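If you look up TrEMBL, you'll see 97-115, 121-141, 153-169, 205-225, 245-262, 293-311, 323-339, 345-364, 371-390 marked as transmembrane segment.
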């Protein structure tokens, strides 16, 4: 027994090895949970997206202003002499929600309250706000991949994410598509992906509901993901009754309440959106493309130089992330069934594609550095060109028009009268001059069933001289300034010369003029 006891005591001391085990757990926890040490990544993303914000000085699509900033400006600022703002037909028909413009209206209201509502702050603060949200989504995206994959894969995936020229071009713009993509990134962080350690059904469902409120078409992207979660969930009834229904009900009630307040009548935006787009097919009015456009052009453009890596990554990580790939394919197929197509519509699936690209780049050996260098250079060239050069004239002209405002005389309306002879909604409006001078453009609401309907813009371009002469029969009714693309100048040269209009400014717009959109923007002033 005496000989056995020391052995037993020695054996009992083996329990002290638990210290090594706990040390090992701490070490493993630190390695597997990078969320607590994200200060560097957060600071980097904030600085990166702020630089991104100020290096995007071009226009993309009219909705960037007309479905956000113009609405916000009209909500906050009033002026007794003119209608200080313009609401497009979508707002008159009640198919747009006020939740997204309300964010920027809040910023405008604060600026107005503290008497700092300068036009530069009105233009850039919403962009900065959008950039900060994008930076927050970037951080969450990195941490998500870090919890799913080893550090090397997470690093290269994050590199691919920041390299994307289309994200650079879009993410800081005041587009509902940009907000939808940002919210999608945040929701993906909490989505129960295979191996995810950060999933939370309540958080991701709340974010999905918010994305759908901002843009109802977000449901297209999330439909396969929601079905996958429902299929994998063990307690399906609890998921529906305790999470889906309450969160969905709160989202619908809150958005409807906000819309009813600002529309000043009972309005169900989601129902109106479906009614106009399905029964009236109003989107077709703004152009249509062949069914294969997203597969042959659209998707290749938004993913850009990442495309080979994406295809390679699909072959490597198909089994693990098949639900993300299914969401990408599903979104492309559904949008392909709709006649009207735009690049921005499929922007929310880009983060899904980046995951496959990052896995591909991390698995390359001999060609990794060369591929990364090509990715960086090619995306940088596209990002800088589209952000600083392509389609900048329609914003530069608004900067020039700001100089026509006489802010010193607020007792009477400014005498300036500007007419935009351009395709409708080519430029921003009052949100980019913040001055109650008279401005007018060629309107183009869609055909909602009126027989023989032709919008004002088409009537003008069918015979510009006739339209001008009939619209302004007397010189006293002429505007003081005309804004037009260079391609229109020859057609209306007789009108310009006969009414003493002189070109006072020319701004470069694009190297690729097309149709009614010219390479330069001209300002003519009547003398």
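If you go along the chain as it appears here, the first residue is 1 and each next one adds 1.
Placed from the backbone N, Cα and C atoms, the Cβ positions cover glycine too.
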Original post:
Given pairs 6 or more apart, does the transmembrane segment (245-262) have at least three Cβ pairs under 8 Å with the transmembrane segment (121-141)?
Top reply: no
Subject >> When counting Cβ pairs under 8 Å to the transmembrane segment (371-390), the leader among 121-141, 153-169, 293-311 >> reply: 153-169
Original post:
So which of 97-115, 121-141, 153-169, 293-311, 323-339 has the most C-beta pairs under 8 Å when paired with the transmembrane segment (205-225)?
Top reply: 323-339
Original post:
Hey, which of 97-115, 121-141, 153-169, 293-311 has the most Cβ-Cβ pairs under 8 Å against the transmembrane segment (323-339)?
Top reply: 293-311
Original post:
For the transmembrane segment (153-169), which stretch among 97-115, 121-141, 293-311 has the most Cβ pairs under 8 A?
Top reply: 293-311
